[in-house]
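Colleague: For 84, 103, 105, the entry in TrEMBL reads Mg(2+) 1 binding site. Per TrEMBL, Mg(2+) 2 binding site is recorded for 103, 106, 269. Annotation comment: TrEMBL describes 106, 107, 108, 109, 197, 263 as substrate binding site. The domain 'Fructose-1-6-bisphosphatase class I N-terminal' annotation in TrEMBL covers 17-182. Look at TrEMBL and you will find 187-320 tagged as domain 'Fructose-1-6-bisphosphatase class 1 C-terminal'.
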Ligand code: AFP
């Protein structure tokens with residue numbers, strides 16, 4: 001089986017970008033090891049701190065964030081990093097060309113119950129028009145040069161793209177290498193599986209309520225077929241399933257908190273996942289706009305997400321076209 005670096009070399013990925021990706025993999029191997037140690041590593045549980053998102057930080061959130069940040073900045077190939085766990089960007093080599101936005105441990109509320117979690121990353125280049133500060137990161141998802149995630153499940157898997165399709169690699173712990181295990185990921189256009197947190201039903205907009213209501217009516221309803229539901233409470237894990245066998249993953253806007261209608265973050269969750277989904281033949285939308293076309297206005301901004309099997313996402317978007325409503329997120 002092919003190792004990661006020869007595959008990237010064959011794709012003519014620039015050497016410095018390969019080095020940045022390889023550094024992320026080194027950090028991921030350490031995170032994978034600590035996670036699989038569980039409570040033996042002494043890093044389960046929460047800290048007494050909250051991150052900028054207002055979420056209690058798990059010890060492994062902090063450990064993973066520090067690992068990735070320090071290893072990336074030590075390469076001297078990274079101009080700056082933006083992390084879910086950092087209030088502001090952290091500057092690196094002023095002459096470097098790569099920017100890395102990442103969620104060090106997505107799904108971290110699953111850690112203490114031994115659930116799947118993952119690291120999500122998005123890599124961009126420093127734009128010609130802006131060489132300093134957080135505005136460097138305010139680029140559309142279409143500007144990403146690489147994106148992916150490491151899913152720490154029963155096996156640790158890297159799923160990534162550099163714009164030439166999506167490949168999956170499995171970590172071989174005996175040799176400490178990510179080996180190519182899926183050469184080309186293609187999402188089926190149709191599906192009978194949806195992924196949403198149903199507990200929020202009463203807070204959704206009218207189009208979303210109707211879309212889900214019709215799914216739940218199965219064969220007798222307007223969709224004319226039965227659907228199944230999955231919700232792992234970790235975007236990495238739910239999107240991985242969609243990439244493996246199709247489906248629609250959605251975290252729509254809702255009216256629970258007027259000042260926070262959306263949950264998922266654009267720069268280091270929605271954009272990298274959208275890059276993967278589109279490269280694998282799927283679609284990724286807010287319900288009204290294509291996610292990778294959005295112009296970010298701040299590094300931790302949140303966005304509504306509907307992504308996966310192209311035809312099913314299209315059906316969901318048709319409900320948003322046909323049913324008028326006052327958007328929570330606009
Ligand atoms: P945590 O990292 O705080 O566990 O949040 C995970 C997440 O951002 C995303 O990965 C999940 O899809 C989503 O939140 C789960 O949200 P709910 O807990 O509201 O279902």
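Note that Cβ sites are derived from N, Cα and C of the backbone, with glycine treated the same way.
Remember, predicted model here, so these are calculated numbers, not experimental data.
I'd like these features described in context: how deep, what's nearby, how far apart.
Modeller: Packing around residue 105 (Mg(2+) 1 binding site) is summarised by its Cβ count: 28 other Cβ atoms lie within 10 angstroms of its Cβ, all protein chains included.
A strand conformation is recorded for residue 103 (Mg(2+) 1 binding site) in the three-state DSSP classification.
Note: residue 106 (Mg(2+) 2 binding site) has non-local neighbours 84, 117, 118, 119, 120, 149, 234, 235, 236, 269, i.e. same-chain residues 6+ apart with C-beta under 8 A of its own C-beta.
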Colleague: Once 84, 103, 105 are set aside, which residues in the chain still have Cβ within 8 Å of the Cβ centroid of the Mg(2+) 1 site?
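Modeller: Checked against the 8 Å cutoff, the neighbours are 61, 64, 65, 83, 85, 102, 104, 106, 108, 119, 120, 268.
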Colleague: Just to be sure I understand the contacts, which binding-site residues have a Cβ under 6 angstroms from any atom of ligand 1? Candidates are 103, 105, 109.
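Modeller: If the test is a Cβ under 6 Å from any atom of ligand 1, the answer is 109.
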Colleague: In the structure shown, which of the binding-site residues 108, 197 has the fewest other Cβ atoms within 10 Å?
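Modeller: Per-residue Cβ counts within 10 Å for the binding-site residues 108, 197 bottom out at 197.
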Colleague: Please spell out the DSSP helix, strand and coil residue counts for the domain 'Fructose-1-6-bisphosphatase class 1 C-terminal' (187-320).
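Modeller: Within the domain 'Fructose-1-6-bisphosphatase class 1 C-terminal' (187-320) the tally stands at 59 helix, 23 strand, 52 coil.
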Colleague: Please give the substrate site's span as the largest CA-CA distance among 106, 107, 108, 109, 197, 263, to the nearest whole angstrom.
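Modeller: Those residues reach a largest Cα separation of 16 Å.
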